[in-house]
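A.B. asks: Quick one: the structure is below, questions incoming.
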Amino acid sequence: MYYLSDLSHYAFFTYISVRAGFAFFIALCLSLFLMPKFITWAKAKNASQPIYEYAPETHKTKCHTPTMGGLIFISSAVIASLFCIKFDNIFAISALLCLILFCLIGLIDDLGKVLKKDNHSGLSPRMKLLAQIIAGLICILPLYFSSELSTELFIPFYKHPLFDMEIFAIVFWILVLISSSNAVNLTDGLDGLATVPSIFSLSTLGIFLYLSGNLNYSEYLLLPKIQGLGEVVIICAALIGALMGFLWYNCYPAQVFMGDSGSLALGGFIGFLAIISKNEILLLLIGFVFVLETVSVILQVGSFKIFNKRVFKMAPIHHHFEKVGWVENKIIVRFWMIALLSNLLALASIKLR
């Protein structure tokens, strides 16, 4: 679409905002169109993920709900992005690679569980970790060696870099990618619970990317200046559109789950956006719901191993609230509210520095 701008009547395609808008609506329409067809096919093939044996009783009714919906909304976002981005932009190409590779890891994991009807038949934790490290390196190393990406570490509400991580930045970035990917995966346990916070996080990071990629805005707001980041905003918009199409079928009561093919890809992509926009630390606030879910699991496992006692009735923490009697819809909406507030606070850091 960008290359149509060479024609005199299509010069407006040079604008990132225009191409982002097109990408959003293309992905939204693709997702809305393809998802019901996928649901019908998945039901016919009995492509549903087994329910965890210790899950709350209310989850037993979800045993026939199709999974792997992430494959559809990620594909929709990628197709829409390919129509709208510039192909000579290393940030955009690396971002698409991140989406595709982490989606493939999740898809392999999903297929193992679906085909054998066993939650433990997907990728082993060790194999999944290794695959995530390799995928992360494929996405990050080209940026590192091209010198397009700063290795300086920035913290929220402070305009200067804290220090230069140099070669250790690679290790730190891989840690961010893997942590973010798995955090969203842990959150995806209730209908729409991971979807809406992901939309909020993508929107916030998209704003940071747009501002940092614009030399005038970045200079005025004292943000890191990184030329070329604006193209990734188009992919953000496409993924938000695809997620909104998915949410139409994923909201309570869900007709389809995203599966690991969706959650691992979303988390990995959100982590990647935080890295290239220099918001690795602020990601703790941008993805606060994901952090909350992850910390609850760490506390639960750590407490049980050390003290032989559980902190929560069940982890991740959304299951704890189910166990104490909260209805699923109430948990979902309250977590959405927390995600919205945390992202508004993160956006406040743009001016407060």
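Cβ from N, Cα, C; glycine included.
Not my notes, these are from Swiss-Prot:
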- 22-42: transmembrane segment (TRANSMEM)
- 65-85: transmembrane segment (TRANSMEM)
- 88-108: transmembrane segment (TRANSMEM)
- 129-149: transmembrane segment (TRANSMEM)
- 161-181: transmembrane segment (TRANSMEM)
- 192-212: transmembrane segment (TRANSMEM)
- 228-248: transmembrane segment (TRANSMEM)
- 256-276: transmembrane segment (TRANSMEM)
- 281-301: transmembrane segment (TRANSMEM)
- 330-350: transmembrane segment (TRANSMEM)
A.B. asks: Hey, which bits of the same chain come close to the transmembrane segment (281-301), Cβ under 8 Å, at least six residues off its ends?
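C.D. replies: Contacts of the transmembrane segment (281-301) (Cβ under 8 Å, skipping residues fewer than 6 from its ends): 153-156, 176, 179-180, 182-184, 186-187, 194, 197, 201, 204-205, 267, 270-271, 274, 310-312, 315-318, 320, 335, 338-339, 342-343, 345-346, 349.
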A.B. asks: What same-chain residues lie close to the transmembrane segment (228-248): Cβ under 8 Å, and 6 or more beyond its ends?
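C.D. replies: Long-range Cβ neighbours of the transmembrane segment (228-248): 16, 19-21, 23-32, 35, 69, 72-74, 76-78, 80-81, 84-86, 89-92, 95-96, 99, 148, 192, 195-196, 198-199, 202-203, 205-206, 209-210, 212-214, 256, 258, 262, 266, 269, 273, 276-277.
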A.B. asks: Report the listed stretch (161-181, 256-276, 330-350) having the maximum count of Cβ pairs within less than 8 Å of the transmembrane segment (192-212).
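C.D. replies: Going through each listed stretch, the top one turns out to be 330-350.
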A.B. asks: Any residues 6+ beyond the ends of the transmembrane segment (161-181) with a Cβ under 8 Å from its own?
C.D. replies: 98, 102, 129, 132-133, 135-137, 139-141, 144, 150-155, 224, 263-265, 267-268, 270-272, 274-275, 280, 283, 287, 290, 294
A.B. asks: What stretch in 22-42, 88-108, 330-350 has the biggest tally of Cβ pairs under 8 Å against the transmembrane segment (129-149)?
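C.D. replies: Stretch with maximum Cβ contacts: 88-108.
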A.B. asks: Cβ under 8 Å to the transmembrane segment (256-276), counting only same-chain residues 6 or more beyond its ends: which ones?
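C.D. replies: Contacts with the transmembrane segment (256-276): 35, 38-39, 42, 49, 65-71, 73-74, 91, 94-95, 98-107, 109-110, 122, 132, 135-136, 139-140, 143, 149, 173, 176-185, 187-188, 194-195, 198, 201-202, 205-206, 209, 226, 229, 232, 236, 239, 243, 246, 249-250, 282-283, 286-287, 290.
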